[in-house]
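Chemist: As listed in TrEMBL for this protein:
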- 37-223: domain 'Phosphoribulokinase/uridine kinase' (DOMAIN)
- 252-306: domain 'Phosphoribosyltransferase' (DOMAIN)
Amino acid sequence: MDSQMASAWKSSVENHFSLQSNAAPDTAQVPLKVPFVIGVAGGTASGKTTVCNMIMSQLQNQRVVLINQEAFYHPLTAEQLEKVHDYNFDHPDAFNTELLLSCMEKLKHGQAISIPNYDFKSHRSIEAARVVNPSDVIILDGILILHDPRVREIMNMKIFVDSDSDVRLARRIRRDTVERNRNIQYVLDQYAKYVKPGFEDFIHPTKKYADVIIPRGADNDVAIDLIVQHIRTKLGQHHLCKIYSNVFVIHSTFQMRGMHTLVRNAKTTKHDFVFYADRLIRLVVEHGLGHLPFTEKQITTPTGRSLCYYHLLPLKQKVSPSSLGRWEMFSHEFKFH
């Protein structure tokens, strides 16, 4: 970090947060943005994940991550696998809640986590764990996500998706036979023996803890729109985003404010002005590219480390950048990307 940049950061910190003037610039800590945690519960195949995806699609200008409680199932032992037909997956003890709490604690403190990748065919966690980075909004999705009071304590909003039992059964039959390669008789036996009693004994009672109950699940567009509006209010989005739905404002950080201070300073040299202006422009271009459709992929390095990268999906139409001001300064960064 050069002395000029450090000085700009210190000035920015003092102006925005009224820190003591003798605080060292290189030791100033960037305050962590506490994530907004949402818990979405409901019976099996009630439409919880669909509701979560609809919420995520309307929060495109926020970093949102979805964590499914199913990833935290306890792996079955060899003895349990022999009697898998008699194993109750709808009981609170089937989940590793301690691991879930540990992961959430790390996310709240700005640390990336690796969550298990549970395989429903082998009933074990496979090696390719999913890497989750800290986000503005964390959505916890699961049938018993509202059961443990310690998990409820970390939530800012609790939602219960309430769907008709016949609809849920029909969806479960379709899901388990198509996606999990189960036969219909097995699905019906499990439903009668464990799923229905589990809903009545453990899942439905958590409805009383919900801040919002969504009847008809994903078909209730009005309820989902109201939830999204509430989340946006709680997140304190920039006023421009509230007026213009297609305007995205980059989150202000010490780095951003430091560079802005330099480029606006009349005493900044030409070399430094060009250097920091280019860095700001690159951040703008990268933020804009982040709104294009992409998919998350996992890779494993030769050292065994699991990394996440994003692959741009094919576009149905051509994308053309435009500028409301002078364009030349952006042209190099667009060519670079």
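Just so you know, glycine gets a Cβ as well, placed from its N, Cα and C.
Remember, it's a predicted structure, so these values are computed and weren't measured experimentally.
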Chemist: Can you check how the pLDDT averages out over the domain 'Phosphoribosyltransferase' (252-306)?
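Modeler: Mean pLDDT for the domain 'Phosphoribosyltransferase' (252-306): 83.
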Chemist: Count up the helix, strand and coil residues in the domain 'Phosphoribosyltransferase' (252-306) according to DSSP, in that order.
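Modeler: Per DSSP, the residues of the domain 'Phosphoribosyltransferase' (252-306) fall into 30 helix, 8 strand, 17 coil.
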